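K.L.:
Here it is, the structure, as structure tokens.
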Amino acid sequence: MTSFREFAETCQAIEKISSTIDTTSRVADLLKKVDVEELPIATHFIMSEVFPAWSGEQLGIGTSLLYVSLSKASGMPVKSIESLIRTTGDIGDTALLILKEKRKNQVTFSSFFEEQPELSITEVYNRFKIASEASGKGSQDIKIKNLQFLFTSSTPREAKYISRLALEELRIGVGEGVVRDAIAKAFSVPVDVVEHAFMVTNDLGIVAATAKDGGVEALESLGIEINRPIKMMLSQISPDIVADIKEMKEAAIEWKFDGARVQVHKAGDSVMLFSRKLENVTNSLPDLVEIIRKHVKAESAILDGEAVAVDENGRPRAFQEILKRFRRKYDVEEKALGIPIQLNLFDIMYLNGKTLIDLPLIERRKALESCVESSVEDSKSISVDKQVITGDLDLIEKIYKEALDAGHEGVMVKNPNSFYSPGKRGKNWLKKKPLMETLDLVVVGAEWGFGRRANLLGSYTVACYDPKTLRFLQVGKVGTGLTDDQLKELTEILSGLMEGGEAGGIFAIRPKIVLEIAFEEIQKSPNYDSGFALRFPRFIRIRDDKDPEEADTIQRIGKVYSQQLKRL
């Protein structure tokens, strides 16, 4: 078994490295040392994950529970731990200091001759697993007991990274790109083979173990599996849709719906539904399960679509209405009657045992239409999104206006010859919407309001994402556009994500919540670490369907800024 000490030493070394190439080499060195059985664990750990995202497993450990566990392991009162965190700003550094002090005070003559058994990577994983599965009465005690065991069994350096892992934030800047390249380097396989294996498995842990065990041939044999969701292909806003269509010569035009992405997995009568964030939402949408059983005529299939909440006339309801269905855990049938859903399917990635992502869109479209049956009446609940392949700009404008008149967001403009690229955003899928510019940004700070908002978090520091450094870079503060109910909801959510101390009245917030923000323009600014600031930002909605890493990037901020200059 691989010791957790080895993992912690790698993390510590990476923290001191600024070069991506050197970081990749250190990760590759670690992967080479780890036993093949433990590689999935180590691979996810180094990316600040305990479980693969597709699994739906949640660790369920918050800062309060972590403080109690650390208190029990060290003897330091929780309030003292909270005070120390306000100084260090980091749970990992706090755990390191506390356990260093404890070890110093525990040194005795006999302790010099006692050898503490080493924690293994597997032992750490197993303790996290037990904690994650605890539920009901006594579950908090079980979580605390297992965390306490890890802290008392670890060295101070190991405790630093155990505590960060418990919050799934190692803060060492290692993401999927680095690990992909590290797997290629460690096991001497081409990067493009690793990339494709990741696309079809959505699990770099599986990819790493397969690469070590069987090399290129084994990696090339990996494929999509039912009930293991893959990342969804993404679209980007086109700055010049006319030029993009002319470049394609002909484009596949589809309506763009203001709903929630759904990935459908069907095997016989078994149906599972996954959200954009790859959460299993099957139990929340029983009506959709029955619709799919009835109308998808395939023994096995994985489909991509958009679920839209509709009114009695079949027109789309507000985006937040569909999210109410996705979140629902109780009174599901009652909510289904109150908020009916229409499923609009537009792609297929797998059909009857065959992976289709490497086929062009026009071929995938034929496969999709062949396995979905719905009459005009049925189309109120399920349909294949209408598609027109054309280069006629007047016709495209007509379809665009029809989509808006029907209450939808606009149109998708797709390259008919493009493959399905899981998790990728690029020029093969473009969206055209009305001109009001919005950005999806992550909350990284919040401050208490005044007057009527005195007991509410009323202003939020928002940030874009830098995929190169894996950091969130601030672009401004937003406090307008929110209703009282939205303020209460965000206060409840963000209060549980506060970390570190208060600086200038602003509390640091763990980057978990994505907001859609409208703005008048982007300006250059030295006040934020992104180098940019939003002018007149305004809250539009919470994007529960997006992970923080799906927020708009610093590169997109720069591109929007450059486009503004061209319009002057």
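Using the three backbone atoms N, Cα and C, a Cβ is placed for every residue, glycine included.
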K.L.:
Look at the ATP binding annotation in Swiss-Prot, where E254, R261, R276, F346, R425, K431 are given, and name the residue from E217, E220, E306, E312 listed for that site too.
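P.N.:
The one candidate that Swiss-Prot places in that ATP site: E306.
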K.L.:
To which of the recorded positions K256, R261, R276, R425, K431 does the lowest count of other Cβ atoms within 10 Å belong?
P.N.:
R425
K.L.:
Quick one: pull the CA-CA distance for R425 (ATP binding site) versus K256 (active site, N6-AMP-lysine intermediate), whole Å only.
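P.N.:
On Cα coordinates alone, these residues lie 16 Å apart.
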K.L.:
So for E306 (ATP binding site), how many other CB atoms are inside 10 Å of its CB?
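P.N.:
For E306 (ATP binding site), the count of other Cβ atoms within 10 Å is 22.
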K.L.:
I want to verify one value. Collapsing DSSP to three states, which class is R425 (ATP binding site)?
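P.N.:
Strand, per DSSP.
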